[in-house]
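J.: Got a structure for you, written out below as structure tokens; questions coming shortly.
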Amino acid sequence: MGDQKYINTTYSSYYGYYYLQDNTRGSGIFTYDGRNRTVLPGSLWTDGDNQFSASYDAAAVDAHYYAGVVYDYYKNVHGRLSYDGSNAAIRSTVHYGRGYNNAFWNGSQMVYGDGDGQTFLPFSGGIDVVGHELTHAVTDYTAGLVYQNESGAINEAMSDIFGTLVEFYANRNPDWEIGEDIYTPGIAGDALRSMSDPAKYGDPDHYSKRYTGTQDNGGVHTNSGIINKAAYLLSQGGVHYGVSVTGIGRDKMGKIFYRALVYYLTPTSNFSQLRAACVQAAADLYGSTSQEVNSVKQAFNAVGVY
């Protein structure tokens with residue numbers, strides 16, 4: 001998105017093209033051109049001079065580069081090799097559909113719309129969005145959280161948490177907001193969601209305010225705010241609904257949620273079971289009488305999850 005990035009490509013002497021194929025990470029990172037159609041994956045991205053400087057190239061460069069950052073984050077921070085833990089290739093398609101206002105993991109690859117230019121810019125331009133969607137793949141291969149009701153809200157929160165931690169890892173204007181780089185280009189300072197203050201965008205920040213209807217698979221993008229707030233408080237500390245939380249920092253927070261996701265959560269885990277999973281993960285990592293365990297309990301107390 002308007003800046004310079006250095007990416008790994010592959011040259012074919014036979015065809016005389018450079019491909020968006022990074023062979024330095026796992027089984028490779030491959031980025032495809034959807035050509036505004038909806039057939040996946042599309043064609044592997046090619047370029048004649050290895051510069052990828054055309055405006056049409058930007059979405060592909062972002063998807064390719066940020067997929068590499070997400071791979072590096074999971075490998076270097078958590079010792080995880082790609083989303084499946086076994087170095088699966090990471091495939092992304094950009095320019096999916098026309099003015100398509102979404103991005104998604106379809107079970108085998110990443111897909112990014114270009115946005116309509118008003119509500120959204122091309123989705124691959126947000127590193128937290130790329131981290132969010134690829135974390136859905138990690139969740140698929142670990143806890144397998146069912147995408148409905150509380151388990152679905154945990155699924156969404158895990159993607160917001162690790163999408164944000166990837167953004168901090170890359171140190172690209174990091175913050176506790178989700179999608180700020182690609183949302184409403186004409187309006188400064190807003191985002192899709194906030195982890196530090198979910199209520200800013202109408203999401204609940206306490207269990208007593210949870211959504212109990214049936215829309216959005218039982219409010220998976222809404223009730224995730226409750227868990228996002230707990231994760232934020234665990235990292236940064238603060239007082240919320242009169243409950244004081246001692247922050248333990250982003251790195252420890254991430255390690256606790258990752259361990260809970262990989263070892264303790266099941267497909268149907270609810271919020272209360274997530275709390276227990278995080279308490280156990282913190283005890284494993286830092287000891288059962290540690291400040292970290294106490295802070296996990298405080299953070300979930302603060303959002304009304306027991």
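Note that Cβ sites are derived from N, Cα and C of the backbone, with glycine treated the same way.
Among the features that TrEMBL reports, domain 'Peptidase M4' is placed at 2-140. Feature annotation from TrEMBL assigns active site to E133. Residues or ranges marked as domain 'Peptidase M4 C-terminal' by TrEMBL: 143-305. Positions annotated as active site, proton donor by TrEMBL: H221.
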J.: How big is the Cα-to-Cα gap, in Å, between H221 (active site, proton donor) and the residue listed as 'active site'?
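T.: Here the two Cα atoms are 13 Å apart.
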J.: Write out the long-range same-chain contacts of the residue listed as 'active site', meaning residues 6 or more apart in sequence whose Cβ is under 8 Å from its Cβ.
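T.: Result: A103, F104, W105, M110, S159, G163.
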J.: Enter the number of other CB atoms within 10 angstroms of the CB of H221 (active site, proton donor).
T.: 19
J.: Which numbers of helix, strand and coil residues does DSSP report for the domain 'Peptidase M4' (2-140)?
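T.: Looking at the domain 'Peptidase M4' (2-140) with DSSP, the answer is 41 helix, 32 strand, 66 coil.
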